[in-house]
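J.: Please see the structure below; I have some questions.
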Amino acid sequence: MGLKMSCLKGFQMCVSSSSSSHDEAPVLNDKHLDVPDIIITPPTPTGMMLPRDLGSTVWLDETGSCPDDGEIDPEA
């Protein structure tokens, strides 16, 4: 799933023509950057759950401790 160079050049022209403030990073023309495969996401605000986290959620009781504190997790 690669992008054609013509698409990238059009995107760079749009970005460079719209950047008028000095706070924005300059557009790097004809440079290939080594970007790692790891994507770091900010923490989710309290009270919001992502669908992938619903199955592995451990709910705390009113004392703030896990209901299974005394047991060893067999999957660990």
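Using the three backbone atoms N, Cα and C, a Cβ is placed for every residue, glycine included.
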J.: From the ranges 6-11, 24-29, 36-41, grab the one Swiss-Prot calls region 'Required for interaction with PPP3CA'.
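T.: Result: 36-41 is the stretch Swiss-Prot calls region 'Required for interaction with PPP3CA'.
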J.: Determine, from DSSP, whether Thr44 (phosphothreonine) sits in helix, strand or coil.
T.: coil
J.: Find the average pLDDT over the region 'Required for interaction with PPP3CA' (36-41) in the predicted model and report it.
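T.: A mean pLDDT of 81 is what the predicted model shows over the region 'Required for interaction with PPP3CA' (36-41).
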